[in-house]
Each structure stands twice: as structure tokens, then as C-alpha cells.
Amino acid sequence: MAKPETENPYSKTVLLPETSFPMKADLAKREPGQIKVWKDQKVFLNMKEIRKSKPSFVLHDGPPYANGNFHVGHSLNKILKDIIIKSKTLSGYQTDMIPGWDCHGLPIEVQVLKNLGKEARNTGPSELRKKCREYAAEFVGKQGEDLNRFLCFWDENNKYLTMAPEFEARIVEVFGSLFAKGYIYKGKKPVYWCIDLATAHAEAEIEYQNHVSPSIYVKFAVKGETDTHCLIWTTTPWTLPANLAICFNEELPYSLFQSDAHGRLILADGLKEAVEQKTGITLTKIKSLSNADLKQMVFLHPFLDRESIPLFGNHVTLDAGTGCVHTAPGHGTDDYRVGTAAGLPTLSPVDDYGRYTDEFEMMKGIKIWDANPKIVELLREKNALVHFSEFTHSYPHSWRSKKPLIFRATPQWFFSIDHNGLRDESLKAIDKVQWIPDWGITRIRSMVESRPDWCLSRQRNWGVPIPSFTCKSCGLTHLDDKTIQHFIQIVKKEGIEVWYEKEAKDLLPADTKCSNCGSEDLKQDKDILDVWFDSGVSSFAVFGDSIGKEPADLYLEGSDQHRGWFQSSLWPSMAIRKTPPYKSVLTHGYVLDEKGHAMSKSLGNVINPTTDIINQYGADILRLWVSTQDFRDDVKIGKDSIKTVSEAYRKIRNTFRYLLGNTSAETLTWNLKKEELDTIDKYYLHKLAKLNDEVKKLYDTYQFHQVYHKILGFCTVDLSQDYFEIIRDRMYCDAKESKTRRSSEYTLAVILEVLSKLLAPILSFTTEEVWTSFGKKDSVFYSDFSDLTEWLDESLESKMKPVFETKEDVQKALEEARKLGKLGKSLEAEVVIDGKKDSLPFSSEELALFFVVSHVHFETNGIQEVFSEWKGESGSIQIRKPKHFECPRCWRHVSETEGKLCKRCDEVVSKLSPN
């Protein structure tokens, strides 16, 4: 039977690290308890209160839809915002971010109708709105829980909901202000229309997907000419019943061509070869046609008893088609523009659900998509079809129904983008905003320069009603300042639902009459405001509307919001306040799976931030992942990336654990001066000070991935690999009150305090846990980032540079000895350095500690066995067997007698109490 190993009699004399800070984080189980503590102690409110006299920093939160739980894209957005708020707080700002929720609109209404099933048909507007309100409130609650679980700080009693009575009243107020200033008008013009949902769509509600359309070349006969036609190309045969003109470009040359099978055809010279290639017909030029020739022509509709006139517009190009553009003013923006300028009616023979009306009698009631092949066949029968094929192209679809949209002229309310020079003023203002990344300014400028007037009205139930009325006698729309202001006062007192619960006479000022026929019998209109208008006026509801009102410091959303919320917020603010609602705009990319694919249920690659990450790994792991990403581009997430981040977290946590095991907050009260510290400690405080300055600047510029890399590198290389190894001997074996140990312990305390603060915006739970274990009484979020200017000393860089260069060579020589099987631990070696003694201004004892060996010599004489030799930049390095014995307490080979303590350890142990 083997004898039990004898316990080292000196083991209890060594000052090993001691801490209750657990190695295993167990984040998923322990974070909820900390969330409760933060709530109970009102940490978020207190951290704002103690900085109430400081400069403010306001991040205005873009409201997500109150529909479904937060997905991983939401977690990226919300955690980024929280990191910013916390880093600005620790930078000394009074910070604010009031979270908001977008509660109206199609996503919620469609889902509620789906939940109602057959009962939807029997559900009136008021009851439907009530259910929508309940549905939205439910998901505001669920998403609020998600926000808490992301470890985000927010005041649950201070949030904004677009369906809140005061917010709805504010929406109507802003609408009224814009109306009074002349920005709001009603007109019949083509807008994006969803025939499946029977409502208009704004540009921000459009998704582009591939779509297969018919591609047809059609000939329109020239009136009064024999076998002469104008050749047009279209991918929307269903719009041909609305054709009223053919548009040309005055800058393009046109000619009359002889075809082999379709008579004489008019088209642009620059598209002759393309037409021949697409259609297979052969064209021979007969003569050129001037603009005057084209202007005097009249064209005959191919299957209706109607004439089409020639028009001219610069939207006609040589990109595709024939250069002769089929023009239906009721079904296209360019068509509408040139058509109305020429006095053409806005013909749109299609109803809300995409069915032909009696304005196209022969196909009345047929849906447009079903009509496409019928119209193609009709053209073939009329000998007007030159060529048919199918064409795959990017086509606008509804963001909600996912079905193709059409352009359809309907009476709608619009926000005039060019009224009072608004577009030009907005472009000037955009140039004064900081856009991050900087390509953001190019993107939004191009959108603002080209966007049409904003269609504000929607033909749905769940939203804020546009307070317009219609005369029952003559059909005139009634809306004026007096009506709006009267309605606003009612809404403030009774809420927006009065629109659906009361009669028109109860909502109108007394004695209101139709300005056309004098009738007092008016009814409420049914249109509601675009939900993008709701969120677009959120800055008014949250911050006020005075001219010159200080804008928010930052808007932070996905890059798709250049055409969404960034614009919908810009227009009302510029029109009313004369300034943008933001000083800076920061965007992030989409979250993709690890292969770079978009997440979708059909692909089975959706990652749920709560169930897949937080409940398994903890929110701090998700937050750390966010900090690792250069979020300005699209980012990837998956099991491998979370595993990598978890490993990095473990290294950071172990660094904290070592620090906590060797020091405490009480150590900071020593307030040691620079001259009281050893050189190596001063050097690492200098490195800490540089890190501190760099990280603070990186937080200010939102480069969190660089914050992560800088701090991780400092923890794993500067501390764990170098500094902790260098001071291990003095921390474990020097006397507790020795100058050397106190110097290093104080340095560790400073490092711990500073690192806790620097990582607090990212690892909120872990740093709070560290802060408490350190012995701090208040939250880490009540503190500010440290000012370490006193520890900066560039002279230490030059002093220590040759030491670390030599250490690299020593490490290579030690590794060579290990490969030869002659060395185990580095303390079993002594180092002989031949050369460069003058460049290493430290004693042999100090260098031995730096290199973690037992001895360092500068003379090559001696009889000890040479383990290995290395010739490097610092000269020749020999690794030799030490001539002294191993100390049984510190394990260094510095003892004069085998089995006995070295001089230092003997002095320390002799002074210890026998108890």
C-alpha cells in the first residue's frame, strides 16, 4: 500500500488567491436575480439622478412593432443602444433613452383578424380596434420582458406607445400643424396599392422580390396612316385598358422602320437592334421622324374605341423597350406627371381589390392578374401583339401580405415634400448631420432627392384617423384648421375612439356646413394615418415641438431605416421645427446565420435570442457577442460564434477571478504614490492608462468590436500571460506587508476597478457581480470611467522594450530546452545572457522575476549543464541547470541547502505567527 503524499509544511504560509467569486458563471440562472436587484434599488433612475447636473446625452429609440417576441435582430439593436447609454453614463453624461413601441398598423390588424377567424366578418370597427389595442398591449409587455432579460436599463414607467391616448392626440396635433402650414393635401394620384389588403402602401412598406411578368410588344395604329404603328413594350398588360397616351423623349432620335411581318413600326433608333433580338423580327429603316412628326400623330387603342395622344418626358430612356412608352396616368408616377401636365384624366378602371370596374366593361369583375393572359389573347386576336415572352425582374411586394403591389390612382392624403422648399432645406440639413457609417449620407440624400410626395392615408381600421369629413349631399371632402383644432381638444379629453363612437356633428365645431352646398349633414371619413407618420412624430411626443428644440443626440437603427424612420422623422421635424430630429445617425446591418444566409423559418436557421442563447448561456454572452461584431455591416451568428464568445468570456472571467483573489476595494484606500511602486507595476499601470484612454475613445465612436479586442488582449496577454506570471512569486511568497507585494496588490486593485468600469456597458451582470465581490457598496453604474493620466509615462515604454524583447528570446530558448527533454518548469532553469547588459537596467533578481526563471547571469563562465542555447536579437541566450537547490516554499532554485527554505522565504516564515 502506497504511503499518502506528505503535505508540504509551508503550503499554509503561501498567500494563495482567495475569493468567493465563482469560476462557473451560471449566468442563465443568476442574471434574473440581479435584474430584480437593479429594479428594487432603482439603479437606472439613480444613475440618472446623480448625474442630473451633467451634460445630457439623448438616444431616441425607434419603436419596434408590438407584434411577436423580439428576434435576434432586435437584440442586436437594443443591446447596442444599451451599451451606448451605459458607456455615456460612465463617461459622465446624464443619459436618457425612452423605449417606444409602434402599436398601430397592418401587422397587428392582420394578426387580430387572423385570430378572429370567421368571427372577423361580424366584428365592427370599434370592437376590432379594441382587440388590436389588447393585442398590442400584450406584446408590449412581452417585449418589455425581453428588454429586461437582455440586461437593458430602462424605466418601465416611462415608455412611449403610439396607441397611448396622449400620443394619439399628439399625432393629430402634428398633422394639424402640418395642415396649417400647407404641407397636407388630398389628391387622386397613383400610389403603391395592395389588392390583397385593400390599402395604400408607403415606400418604406415595400419589399422587392423576384417576380415573373408577361413581356409584350404591342402595336398602336397611327390614325390616318395605312399599316403604320407605334411599337410599345410593357410588362403590365392589365394596365392597357387605362392607356391614354404614348410617351417619347425629345432628346432621342426616332424612325419609321419596315418590319417583315408587322408593317411599318415607329421606335427609337437606339433600340432597333435590341427589339430585333428580343422579338425575332427584322427591321429596315425607312426614314427618320422629327419631334414635330411625332407631335402631330394620334394613335388608336388596340382593342378599345379610344385614341391615345403623343407626349414627351425625360423618363423615357434606352434602357429597355422601344423608346415609345405606354402611358396610363392612373397607374404610374411618371405617367401621372406627364399625363396631368397635358390635361389627361387619371383613369384607373380597377377597384380596391384589383377587379376591373365598369370603366372596362368587357372584363368587369375580373382580377387584374387573371386578366393578363386574357388581354394578351385579345391583342393577338386584334393582330396587335408583336411578341410575347415571360420576364423575371425585381418587383415591389407588400411587406405584410408578401404579394405583388400595383400602382393605382385613388384619392389619398399626401404630405408635400416640395412645399415651402422643404426638400431643398432637408438636403441642406442632412449635410450637417453626422452619418455613421459615412456612406449613410449618400444613401439618404439620394432617397430624399428622388422621393415622391408621402402618401399618408391608409384604408384600414387600426390607426389614428385622419380627421376629415365628407358631405353626404355633394360628396365634398371637408377639412380645415378649425375642424382639426376642435377635434384635437376632444381627443385630449376623451381619446381617439370618439371618432368611431360618436356622430360627425359631435366632432365638428358648431354650425359647421359644407362649403360647397351648405349642407350640415357630414360623415366621418374612414382613412387612417400611415403608421410611419405615427413613429415619425415620436420626437414631438417625447421631446416637444418648439422651433429650435434641441434634437436627439443619436438615432440608431438598421440600415433599412434610411428609407423608413430616418425619413419619416425628418420631414415633420424640418417642416415644423426647421431642424432635423437628430444630430447623429448610426446604422447597423442585418443578423444572418453563420453561412451568411438570412434567417427564416423555412430554412430552419432562426436563432431565438432568449431560448437559444440567454436561457442556455446567459445574456452577458449575447451582449459580449454583440460587442464582437463590426455591426455597421451585416453580422453572423450561430453555435460556433457563440462558442467562441463563451470561451472569450471565460478568459475575462478568470482574469477577474484572479484579481479578486489577490486584492480588494480596501486596497485602493492605500493611495500609493507613483514613487512607491515598483517599475514593473508602474509599467502595467501605464499600459492600463493607455488602454483606458483608447477604450473611452472607442466607446465615443461606437467601435465596440475594438473595445472587445483591446480588453480581451489586455486580459489574456498583458495580464494573464505576462504580468500575473511576473508577480506570481511576490504575491504568493513575499511578506504580506512587504513593499513589493503591496506595490503589486495595489496595482491589481487599480486594474480591477478600471476593468470593471470599462466592461460594465457590455458585461453588465458580470461587472456588477465583480464590483460587489470587490467590496464596493454601490452599483458600478454609479461610477465614472477612471482618469488615469497620473499613471501615463511613455519613458517606461522605452525602458521596458528591451526587457520584453529579451524575454521573447528567453522563451524561445526555454522552449528549445523543453523539446530536448531537459526542462520542465521554467523555474528549474537559470538564464545566461551574453551581451546587451547595458540595455537591461534591472538587477539580475528583477530580471529573473520578469522571465519567471530562478537566476539571470551575464557571464558565460560556469560548470552547470547547458540545456539549450538560442541566438536572438538580444544576443546569445543559454539555458542552464541552476547551481542552487529548489526552495520547498516558492519552488525557485535559490536555496543554498537542499530541502531548506531560501533566504527570503525563511525570513517570511519566521515572522509568521505559529497560529
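Each residue, glycine too, has its Cβ placed from N, Cα and C.
Taken straight from Swiss-Prot:
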type	residues	note
MOTIF	64-74	motif ''HIGH' region'
BINDING	E557	L-isoleucyl-5'-AMP binding site
MOTIF	598-602	motif ''KMSKS' region'
BINDING	K601	ATP binding site
BINDING	C887, C890, C902, C905	Zn(2+) binding site
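This view paints the features noted in Swiss-Prot onto the structure.
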residue	record	Cβ contacts under 8 Å, 6 or more apart
E557	L-isoleucyl-5'-AMP binding site	G62, N77, G564, W565, F566, T587, H588
K601	ATP binding site	none
C887	Zn(2+) binding site	H893, V894, S895, K900, L901, C902, C905
C890	Zn(2+) binding site	D729, Y732, C733, C902, R904, C905
Cβ neighbour count (within 10 Å, all chains shown) around C905 (Zn(2+) binding site): 23
Mean of the pLDDT scores, which run from 0 to 100, over the motif ''HIGH' region' (64-74): 91
Contacting positions for the motif ''HIGH' region' (64-74) when only residues 6+ beyond its ends and CB under 8 Å are counted: 101-103, 105, 107-108, 111, 135-137, 139-140, 142-143, 146-147, 150, 161, 558, 590-591, 599, 606-610, 613, 637
C887, C890, C902, C905 excluded, remaining Cβ within 8 Å of their centroid (Zn(2+)): C733, P888, R889, W891, R892, V894, S895, L901, K903, R904, D906
C887 (Zn(2+) binding site) in three-state DSSP notation: coil
Cβ packing number for C902 (Zn(2+) binding site), 10 Å threshold: 24
